[in-house]
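The following features are taken from TrEMBL:
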- His117: active site, pros-phosphohistidine intermediate (ACT_SITE)
- Lys11, Phe59, Arg87, Thr93, Arg104, Asn114: ATP binding site (BINDING)
- 3-140: domain 'Nucleoside diphosphate kinase-like' (DOMAIN)
Amino acid sequence: MAIERTLSIIKPDAVAKNVIGQIYSRFENAGLKIIAARMIHLSRAEAEGFYAVHRERPFFKDLVDFMVSGPVIVQALEGENAILKHRDLMGATDPKKAEKGTIRADFADSIDANAVHGSDAAETAKVEISYFFPALNIYSR
Ligand code: RTP
Ligand code: MG
């Protein structure tokens, strides 16, 4: 299976809940390596740019308002089948529909405050990783 990279964000609700370490443990236990990481309080422009694919959607303003409501932790993860593996760990977008034992089922409160973001495909992973990390700040082992 291919070694992939994906972009993960621990959103403001999960940072505020003090569960960064618990979420990192789930990545590590699933064989995903953290190869870059930073904490950042996104500006509106940065959040809008990151979620630009959703700018015409009805939930766009709520999404941006939420993403700038507090600091986030952003990381690039690397491992076998990393994109899908990470999405599986996250669970469904709406925590009410997320499978038991997933990050969103365990830590998220609503479809807006849903704890984590993960890239959804190889091409978006590449764009999203470069949005936050220059190549020099990625430490693949
Ligand atoms: P993410 O991009 O954050 O990893 O989440 P996702 O792929 O599971 O969901 P996506 O469709 O990409 O939507 C991005 C974020 O927008 C919010 N959303 N709200 N009210 C709604 O119907 C709705 N749909 C999406 C969620 O917070 C979602 O994470
Ligand atoms: Mg998405």
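Cβ atoms are placed via backbone N, Cα and C, with glycine included.
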Provide the number of Cβ atoms within 10 Å of the Cβ of His117 (active site, pros-phosphohistidine intermediate), excluding the reference atom itself.
20
Filter the binding-site residues Lys11, Phe59, Arg87, Asn114 down to those with CB closer than 6 A to an atom of ligand 1; keep them in sequence order.
Phe59, Asn114
Helix, strand or coil: which one is His117 (active site, pros-phosphohistidine intermediate) in, per DSSP?
strand
Provide the three-state secondary structure of Arg87 (ATP binding site) computed with DSSP.
helix
If the ATP binders are Lys11, Phe59, Arg87, Thr93, Arg104, Asn114 per the record, what's the largest distance between their Cα atoms, in Å?
21
Around Phe59 (ATP binding site), how many other C-beta atoms are within 10 angstroms of its C-beta?
12
Between Thr93 (ATP binding site) and His117 (active site, pros-phosphohistidine intermediate), how far is it from one CA atom to the other, in Å?
9
